[in-house]
Structures are given as structure tokens and as C-alpha cells.
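Okay, here's the structure, questions in a sec.
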Amino acid sequence: MSKAAGCRGFLHHVFDYETAKTLVIPHFGVGIVFRFTQLLVVLYVVGYVCVVQKGYQETDSVISTVTTKVKGFAYTNTSDMDPRMWDVADYVIPPQGDSSFFILTNLVVTPEQTQSHCPELPNPSTVCKDDCDCIEGYNDPRRNGIRTGLCENFSTTVKTCEVFSWCPLEVDTRLPKKALLAAAENFTVLIKNSITYPKFNFHGFKKHPASCGSRLSRDGSEGNCDLDWWAGKCLPKYSFRRLDSQNQDNDVAPGYNFRFAKFYKRADGVEERTLIKAYGIRFEVIVFGTAGKFGIVPAIVNLGAALSFLSLVPIVADWVMLTCMRKRDLYTKEKVTYLVESPDSEPVSMGTTYGTQ
Ligand SMILES: Nc1ncnc2c1ncn2[C@@H]1O[C@H](COP(=O)(O)OP(=O)(O)OP(=O)(O)O)[C@@H](O)[C@H]1O
């Protein structure tokens, strides 16, 4: 190809104006493909963008305040303790009714502890033969007190280092096998939930009674609010989930426990305490959710973006027409017309394929 011809071709390529021409293909198959693709796009826009995603809505996240109140009684009658009735003041810790609360289900009680001297609980590091085995002032954070330097009888057969501590020491291996407050599963909790969606100036308040036991193993998801007048739904759902590991084989320290004490002054002026090692279930009420309401900007943006898929429909139909149809050569020839203007200004049309003249 000469340089001049190449240059002319380039100028045609750059400056020839292409305009759309309507070519009607009276073919049932291509028509079906075209309408079916259009239907898919319309279903996507209406079904997914509008109904499922609610693309016409603005959204806002919830701000929530939660208070809780537990109710229920438990009765215990064990050899370690006198018969006892337990109410909320005994087993809900802390009692204020925060969004996080603990329900006591089992406990080890060590009553009448005073600041005094007593032998340590037997353990490879505390067992001794004589005073030389016990270093005065030594304290191990995992043991119970400061050593006095004496080796004392813990029992008739075992001697251990004496410590200065709250004595008698707690023996937490005496934990009742069966949960002492097994009745906890029948306790009920009232959750008061105040929610706000500031963007929509929406305030809501829900009271929700729930049973501590039956809900414990249930999993679920938080419900969202649809604030449009035609939907008008804002019903939060509560879901309960265990946060500790439930895999017995792969759990170093299962469950949750902590210690607290009640202090007294005896008649002789000596300070005394009852130490309680509490085992139980800690509940955390976590509220999360999103509200949506019609907004003109997201409606236009999302619907416009979704409807732009309609412009892809002719491309799909063209592809089927030009590659799969029996008369594809004819359609290809008619698809693009290159108009060549003759010297006497009578236009001559040439059916061509793309890029040829
Ligand atoms: N855990 C719960 N289970 C069932 N009902 C509850 C529970 N906690 C509170 N309620 C009841 O819900 C209502 C509202 O409780 P709220 O604490 O606002 O009122 P109250 O009169 O102080 O309750 P209380 O009965 O404790 O004195 C009351 O009738 C109360 O008895």
C-alpha cells in the first residue's frame, strides 16, 4: 500500500461519521433472544435492585441503649449450706441491669475468712518436710498468700508451708458437679431497648421478655428497619450466641468465673469475709441494625445504573444474529453500510462488513 493510500485510509478511519441505522430482522429466534435478555434485565432491576436491595433507599445505622432486668427464684439445699432461697439480688451481678449481665449458676462459698495464718493447700510447690523448705516472704501469684517461713500440718499426713492470708483458704475443687442454681434456665430477662436512627429522626422503644435457658443455644440475625410508609416495619430481632468455645477437646479453660466477697465486722471487732467463687453465664446484649428510607438521590443513581444494563441487550442480540443464525452472512452484509459519494453527487451504498470499504 502506498503512503498516500495509507494516509487516506487513516483519515477515513478518523473522520468518517458513523450513524445508527435501523435494521429490522424478521427472525423469530433473534427476536426471542432480544426480548428474553430484556426480560432478564428488567427482572434484575425490579427484583434485585428494587425489592431485595432496596436501591431506592438511603440508609442509617442504629444508635441503641439497652437495659435488662432478670427475674426468677432458685432454691438450694446442699450439705455445704443451709437451705437457701436465691433471688435476683443474690445471683445477678452487677445488679444495675446493664446491657452486659452475669447470672450465677454455680458457686464455691468459703465463709468466715479472716486475716490470719494457715497452711497452704497441698501442691508440689507448697508441700514441705521442715521450715527450711519454706522461704519467709516468698509469694507465688498462683498460690494464696505470703509465706511465713514455717512448715505446718495441713492434715495428719501432709505438711505444707504456712501463709499469711485470708484463712481458711478456699478449696475450689469442692465445686458441685450439678449446677447449684440449675433453675437459672427458667429465669426470665426483660430487655428494654431504645433505638435511634438520627438521620431519619426516628426514635423507637421496645420491651422484650426472654427466657434465659431456652434462648441460649439459638443463633440468628438482627432485623433491619424499613421506614417507608408503605413498609412501616421496624421490629428488631434478638439473637443469642455463645461467645466461649463449645469444643470440649480444644478448650484450655472453658466457662466463665470470678470471685467476690461480702465483708462483715465481728462483735470482737475482727474483720471477716465470705468469699464466693462464682460460675455462670455472662450475657451481652449487642444491638445492630440499619434503617432505610426512600431517597431521591440513591433512587436515581441506582435505578439509572441498573437500567444502563438495557444498552447491553442489543449487543447480545447482535452477537447471536451475527454468529449463530443461518443467514448470518446476509445480516453481516446489511449490518454496516458504507456510503460512497460518486463524483456526480449520487450516493452509492455498499453493504460491507465492519472496517472494509
Ligand atoms: N425479667 C422479667 N420477666 C418478666 N417480666 C418482667 C421482667 N422484668 C420486669 N418485668 C415486668 O415488666 C414490667 C416493667 O418492668 P419495670 O422494671 O419497668 O417496672 P417495675 O415496676 O419496676 O418492675 P418490678 O416488678 O421489678 O418492680 C413490670 O411489670 C415488671 O414486673
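Keep in mind that glycine also has a Cβ here, set from the backbone N, Cα and C atoms.
Automatic, uncurated: that is what TrEMBL annotation is.
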Going by the disulfide annotation in TrEMBL, which one of CYS132, CYS134 is bonded to CYS161?
CYS134
For the ATP site that TrEMBL assigns to LYS69, VAL70, LYS71, ASN257, PHE258, ARG259, LYS277, which of the candidates THR126, THR188, THR196, THR337 is also assigned?
THR188
Between CYS118, CYS128, CYS212, work out which one TrEMBL annotates as bonded to CYS151 by a disulfide.
CYS128
Scan CYS118, CYS212, CYS225 and flag the one TrEMBL records as disulfide-linked to CYS167.
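TrEMBL lists the disulfide between CYS167 and CYS118.
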Can you list which of the recorded positions LYS69, CYS151, CYS167, THR188, ASN257, ARG259 have their Cβ under 6 Å from some atom of ligand 1?
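Going through LYS69, CYS151, CYS167, THR188, ASN257, ARG259 in sequence order, those close to ligand 1 turn out to be LYS69, THR188.
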Please report the Cα separation of THR188 (ATP binding site) and CYS151 (disulfide bond) in Å, rounded to an integer.
51
Compare the C-alpha of CYS134 (disulfide bond) with the C-alpha of each of the recorded positions CYS118, CYS167, ASN186, CYS225, ASN257, and give the closest one.
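Given the candidates CYS118, CYS167, ASN186, CYS225, ASN257, the nearest one is CYS118.
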Of the binding-site residues LYS69, VAL70, LYS71, ASN257, LYS277, which sits closest to CYS161 (disulfide bond) by Cα distance?
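It is LYS277, whose Cα lies nearest.
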Of the disulfide-bonded residues CYS128, CYS151, CYS167, which one sits closest to ARG259 (ATP binding site) when you measure Cα to Cα?
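Closest by Cα: CYS167.
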For a quick check of understanding: among the disulfide-bonded residues CYS151, CYS161, CYS167, CYS234, which residue's Cβ has the most other Cβ atoms within 10 Å?
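Answer returned by the neighbour count: CYS161.
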Round to a whole number and give the Cα-to-Cα distance in Å for the pair CYS118 (disulfide bond) and VAL70 (ATP binding site).
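CYS118 (disulfide bond) and VAL70 (ATP binding site) have their Cα atoms 40 Å apart.
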